[in-house]
Amino acid sequence: MSGAEHGRWTLRGAHTEYTVTLPAHGRWLELHAWGPHGVGEGPSPVAYDGPVPFLTAGDAAPVEYATDADRPFTGADLVVETESGNRRVGFGFVEAAHDPDGGALAVTFADPVTGLRAVLRYAVPAGTDVVRRWVELTNTGTGPLRLVRAGSAGFCVPTPHGALLSHQWGQWAQEFQLDHVDLGHGAFTIGSSQGVPGHLHVPWLAVRDRAEPDGSTWGVSVAWTGSWEITAERDTGGLTRVRAGRRLADGPLELPAGAELTLPEVAGAYSTDGLDGLARVWHRYQRLLAGERLTPRPVLYNSWEATYFDVDADSQLALARIAADLGVETFVVDDGWFLGRVDDTTGLGDWTPDPAGFPDGFDAFIAEVRGLGLRFGLWVEPECVSPRSRLYAEHPDWVYAVEGRPLTPIRNQYLLDLGRPEVAEFVHGTIDGLLRRYDIGYLKWDFNRPRTEPGRAGGEKPVDLDGAHVANLHRIYERLRRDHPEVLIESCAGGGGRTDLAMAARADIFWPSDNTAPLDRLAIQHGFLHANAPHLLSSWVTDAPGIFDPRPRSLAFRFVLAMAGVLGIGADIRHWTPEQRAEAAGWIARYKEIREVVTHGEVHLVGGPDQARCAVQYTSPDRRTVVVLAWHTGRSDGPGLLPSRPVRLPLRGLDADGTYRHGDRRYSGAHLTAVGLPVGWTPTHDADLVVLHRA
Ligand code: GLA
C-alpha cells in the first residue's frame, strides 16, 4: 500500500485481476489496474495525480463510482437530490469487507449531510474473468432523497491511442448487428427507454485501444431486463470511462427516509485475445449462470411460420408427425392456440385453449404429440393483453396508463403493469396453472411491445414502474424454474428484444430474431455469439425464400447455420419432398452428435459474414474434438472454377504438434492454425460441417 492510500484490494479471476484502491482522502474508490494476472505490479495505467486546471481532481481520477460531487464535469454515476433540490451528495469511506478467496469485496461509503449510504459490491465468480458490480443504497437520513441518475458502476479502460468501441445495434428482424466506433474524444451512448432491453441496442459494449485491436479487450454488459444505458467517454488523457446501469426513462427515483434500493448488476469482462477472446469470457460466465441446466437443448420444431394464427389439432399433429420422423425432440405450438386468437388483434390475456381448434380437448392433443415421443412446448405472452379480451374487460386498470391520456397500442395490444402484486399473481398463476394442468416441457415466453405509458392507473405517484416490472418478471421466472425444473424457457421479445445477463441467468434459451433468412441470420448470429453462448442461441431452419432476405442458400446452409446453437425447424415441413426430409433427418442426426461440443466447447469465431471466410469453431473441453461450421458468404455463380482455390479457415486453440483427422484427411495443428482448414465452395455446396478428431 502506498502512503497516499488507505486501502488496496485485489479480486482475482481465472486469468484476470481487478485492483482498486482507496485514496487517503477516502471520498471514493479508484481503479488501480484491470487486466491479466500480475497487471497490478507496476504503476497504474489509469492513475492521474497531475494538475487539473478548470476541472476537479475527481474529473480526472479513475473513480469507480462517482457522484456529481466527485466528478462534477466529466460524468457522474450517481446524482442525488435532496428535498430542497440540492445536489452534490458526496461520500466518505466507512468500511471495507474483502474476501479474496471468495472473490468478493464490499466497500461502504456514507454521506454525512443526507445520511445516504452506498455499499459498492464486487464479485468475481470462480473460474471466470468477469467482475460483477452493483450498489446498495440506503437512505439513513430523515429526509427523502431523489435519484436523478442511478448508474451501477463505472469502468475505466486505458486507451492511450484512441478507443475502439464495439457494439451491437439493430431493429426488429435485424438484431445483433456488430459494429465498431473509433472514438477519439467525447462520448458514445447506447441504451433503451422501452422498459425492456429492446432491439435497438444490445446491453453490451467492448473497448479496445486503437493500436491493439487483437490484444487487451474489456467488455461491459448490463444485467437488467428494463431500460438501461451504457456510455463510453474518452477524456483528453486517453482514459475511457464506461458508465453502465439503469436509464431512468420515467424520471428520478424516490428514496424515502429509511428506504433501501439495490441497483442492478453490471458485469465487466477482460480478455487478452481481442473480441473473439472476450466472447469466450462471456460464454464461460453464461454457462456458469446456467448452472446444472447447461445441457444440450432438444431439437425443436416451432409451428409459427407454418401455420401462423391458423392453429388447430389437425394441422399441428400433421406437422408433429413429420417432425418426429425427422428426429425432432420438442414440438412447440406458437401463437394462435388460445381462445379468440385468430389474428394479432384479440385474445391476449385469455389463456384458455380454443375448443374450436382442439375439439377433443387440449389434453388429448398434447397426449398425441407426446405419444410421438416429443416433448410439448407452448408459446405465451402473459404480460400483454388485447383490448378485445375478457381480461381487459374485467381489469382495464391493470394496464400501464397515464390518467386522462389515450393508451398507445403497439401490435394492437396493451401492456400489463406487472409491478402490481395482483398482476404479478395473475401472470404467475396463468403460467403455473398451464404447467400444472397440461403436460408441457417447454415455454416460449414472448413480449411483443415496449412500455409506452409511464403511469399506473389510480396509483400513487411516482412509482418505479421499470424497477417493479423487472423485479416481478425475474421473481416469476425464478419461481417457475423452482417449481417446474424440467420445463425449458425460451425468452423472446418480438425476436431478440429481451436478451441481457439477468435473463441469461433465468431463461434457458433466447430467440434472437424473427429473421431466419440465411445470410441475414448469419450476421445476426455472428453478433449474438460475441455476447452470448451457443446454448442460448435458438435457431430454426425455415422455408426458402422466406419472408426476409431472399438470397438463395441450400438446405444444407440453413441447417448448418441453425446448428451453431440450438437447432430447430420452423418450416412448413408438410410440403417438404421426401429428399428434403431425408436430408433434414441426416442433419438432425449429425447435430445430435455434435451438440455436446456446441454446448460446452470453446468457441472461436473465424472471419465473419462480410468476409469470404466465415465459420464458427467449437473445441471440446478435452480438446480432442473440433467442430467447424462454415458458410459460403459470397455469390454462388463463380466458386469452383479456375483459378479459385479453397477458402482456408484458420483454426485456433489447437496443439501445433497434434494430428487432427477428418475422414481420410490428416492435418497437423500447425497447418490448421497457420494455413487453415480448406473448404471448397461450389454453387451447390455452400456450407459444411467438419468434425476433426485428435489422432
Ligand atoms: C413474435 C415472435 C415470433 C412469434 C410471434 C407470434 O413476433 O418473435 O417468433 O412467436 O410473435 O405472434
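Placed from the backbone N, Cα and C atoms, the Cβ positions cover glycine too.
Quick caveat, the model's predicted, so the values are computed rather than measured.
Copied from TrEMBL, the annotated features are:
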type     : residues                                                                               : note
DOMAIN   : 60-249                                                                                 : domain 'Glycosyl hydrolase family 36 N-terminal'
BINDING  : Trp172, Asp334, Asp335, Arg411, Lys444, Trp445, Asp446, Phe447, Asn448, Cys492, Asp514 : substrate binding site
ACT_SITE : Asp446                                                                                 : active site, nucleophile
ACT_SITE : Asp514                                                                                 : active site, proton donor
DOMAIN   : 614-689                                                                                : domain 'Glycosyl hydrolase family 36 C-terminal'
Quiz prompt | Rounded mean pLDDT for the residues that make up the domain 'Glycosyl hydrolase family 36 N-terminal' (60-249) | solution = 98
Quiz prompt | Secondary structure content, the domain 'Glycosyl hydrolase family 36 C-terminal' (614-689) (per DSSP, counts of residues) | solution = 6 helix, 30 strand, 40 coil
Practice problem: Mind running the binding-site residues Trp172, Asp335, Asp446, Asp514 against ligand 1 and keeping the ones whose CB falls under 6 Å of it? | Solution: Asp335, Asp446, Asp514
Quiz item: For the substrate site made of Trp172, Asp334, Asp335, Arg411, Lys444, Trp445, Asp446, Phe447, Asn448, Cys492, Asp514, how many Å separate the two farthest Cα atoms?
Solution: 18
Quiz item: Around Trp172 (substrate binding site), how many other CB atoms lie within 10 A of its CB?
Solution: 17
Quiz item: Who sits close to Asp514 (substrate binding site): which same-chain residues at least 6 apart have their Cβ under 8 Å from its Cβ?
Solution: Trp172, Ala173, Gly494, Gly495
Quiz item: Which residues in the same chain, at least 6 apart in sequence, have a Cβ under 8 Å from the Cβ of Asn448 (substrate binding site)?
Solution: Glu381, Cys384, Ile410, Arg411, Gln413, Ala493, Gly494
